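Swiss-Prot has this to say about the protein:
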| type | residues | note |
| --- | --- | --- |
| BINDING | 163, 164, 165, 188, 229 | NADP(+) binding site |
């Protein structure tokens, strides 16, 4: 059993991004990410601060827009339009969740697809499902980078993705399918789930339930990717996988914390760099 080290892989990605950003700066371009935070959600504030810190560490520009929770949808859309038209901005990220009075889909669709570094716009979703080049959501993209780094051959592999969200489950399935894997998409209500997961060589779990996947649900030698991050009443941070029981059966497994998590911000930086390069070519 080998534990996948997301921290070291993310550090490699960030080092590459930093070197590329320095090169772009020499031609007068600073890859820049604009982040919009609406409200005072503590978790969102933490995420936004970590994104800002990561940008600066990688020699990238960071523009923060902190709006009150009373901000109207029209005000938010107006800000997005300003950022869409600003040539100094390469990536636009709206931190989720948004207050209930704002239509999340309407906001995400307002972002210029060429600056949609989260990969949530319908244009980028369509490109991914069609196997075309666009922006891919950062968490599944980070998982693909981990699998590549650990030399996992996806051609013909039986893979199960547990979770059907637009942020992880669906794009993860598309990426694996595009890479030649044979895909099953399951979720917390799938019948006979253990039978399905035991047939798989690769299991990706993203259901948001602590210790959801147990040892009886995986085959010997399986590769298990845990996307979950859950805080127990005790304060302990755990994933969707019962790590202690599942890990001994695996050939590869991601821990929580330190597995998939660090890759998400690394790939956000990578997507922002990609946008800056694309925009430079189109000048």
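Just so it is clear, glycine is given a Cβ too, placed from its N, Cα and C backbone atoms.
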On the Cα atoms of 163, 164, 165, 188, 229, which are listed as binding NADP(+), what is the maximum pairwise distance in Å? 16
Which one, from the binding-site residues 165, 188, has the smallest tally of other C-beta atoms lying within 10 Å of its C-beta? 188
Hey, does DSSP put residue 165 (NADP(+) binding site) in a helix, a strand, or just coil? coil
Comparing the binding-site residues 163, 164, 229, which residue's C-beta has the most other C-beta atoms within 10 angstroms in this structure? 163
